[in-house]
Amino acid sequence: MDTLHEIKLIYSFNDKDVENLKFLKSIMEANTNEFIAGVYSFISNFEDFSKFLPNDEIRNRHQEKLKFWFLNMFSGEYDNDYLRRLRRIGEVHSDIKLPSHYVSATMNYIRNYIHSIILRNFTDGDKKDSLIESINKILDINLDIIISSYIDEGKLYISHTKFESRVIKLSSKFSYILDLSLVLTLMLATAMVFFLFFFEIYRFAFSGASFETTVVDILGAMLIIWAIRELLEEEVKKLQGKKFALSAFIALAMAALLRKVLIFSLAPHKSHEVAILGLLILVLGIVYWLMNKKGVDT
Ligand code: HEM
């Protein structure tokens, strides 16, 4: 999605909606404090409320920002800056790992609250329906953009020109094709390692390879298959729009080094190489542990 113009088209957000929202501005301004009090009373029931909003300083700051967001909905200005602000809200919430359900539930509360103000202040049925329709559209647009940032912070890129937009679309398609070919290559690599696995058994049975070497070689092949499977799983996750865990690469490197250690351990005079490989595995192990501990998954 590129611009708010496209989003407005999808939601059939038109001049009538802009007019309706601007019309509601003064009523909403008069109810801002009540709005904030209501939202806070609602969100204070969330289990993690105090974890995310632990003290008055943060709560006051959030309330000011919430007020600004609320009044902005009735400004009549819905341009790309507006879109950027919404995206930023999503990013901030996503960064602090606020469950997206909290945002959706709060938005639901806000929708009901605004509806109640409209029902309280207007008697004409048609007017009420038209105002509620516009409110629903702008709230849905807000929720859509904010939640999109949860799905993928980087996905919702707001381009400035058509050319930029085309380049972004092309490169994202290209990267998708690359991911797809990576998955296919990984599958092929797995099949080849399986071939290696059967080849070791064949060598043992018909070419007189030693039993010890065969077992170690088979173990090495299994280790590589396990690591490729991890990598494949991560690639598939990425294709499904989830984040890629970089730690899978570290796991693959560790598996490859472990395989070498297994092979070298059988060869005499290789203790120097085994020690270096051991050190490398230790370093990779620490990096792997740190990545998983910190939850680095990009
Ligand atoms: C419809 C629902 C919500 C809206 C529209 C909203 C709006 C905002 C806005 C405008 C910001 C400032 C973003 C920026 O810095 O640019 C913000 C930040 C924040 N929001 Fe919300 N919020 C919502 C729900 C919640 C809920 C349910 C919680 C927690 C239970 C929460 C916790 C926070 C926190 C902790 C920050 C960062 C505050 C700071 O350190 O400045 N928000 N929110």
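Just so it is clear, glycine is given a Cβ too, placed from its N, Cα and C backbone atoms.
Keep in mind the model is a prediction, meaning the values are calculated, not measured.
According to TrEMBL, the feature domain 'Globin-sensor' maps to 4-155.
Panel annotation: around the transmembrane segment (176-199), residues 217-218, 221-222, 224-225, 228-229, 231-232, 235-236, 238-239 of the same chain, lying at least six beyond its termini, place a Cβ under 8 Å from a Cβ of the stretch. The transmembrane segment annotation in TrEMBL covers 176-199 (among others).
If you look up TrEMBL, you'll see 211-232 (among others) marked as transmembrane segment. Note on the transmembrane segment (211-232): residues 183, 186-187, 189-190, 193-194, 196-197, 200-201, 203-204, 248-249, 251-252, 254-256, 258-260, 262-263, 265-266 of its chain, located 6 or more positions outside it, place their CB under 8 angstroms from a CB of the stretch.
Under the heading transmembrane segment, TrEMBL lists 244-268 (among others).
Per TrEMBL, transmembrane segment is recorded for 274-291 (among others). Taking Cβ pairs closer than 8 Å, the transmembrane segment (274-291) reaches residues 246-247, 250-251, 253-254, 257-258, 260-261, 264-265 in its own chain, all 6 or more past its ends.
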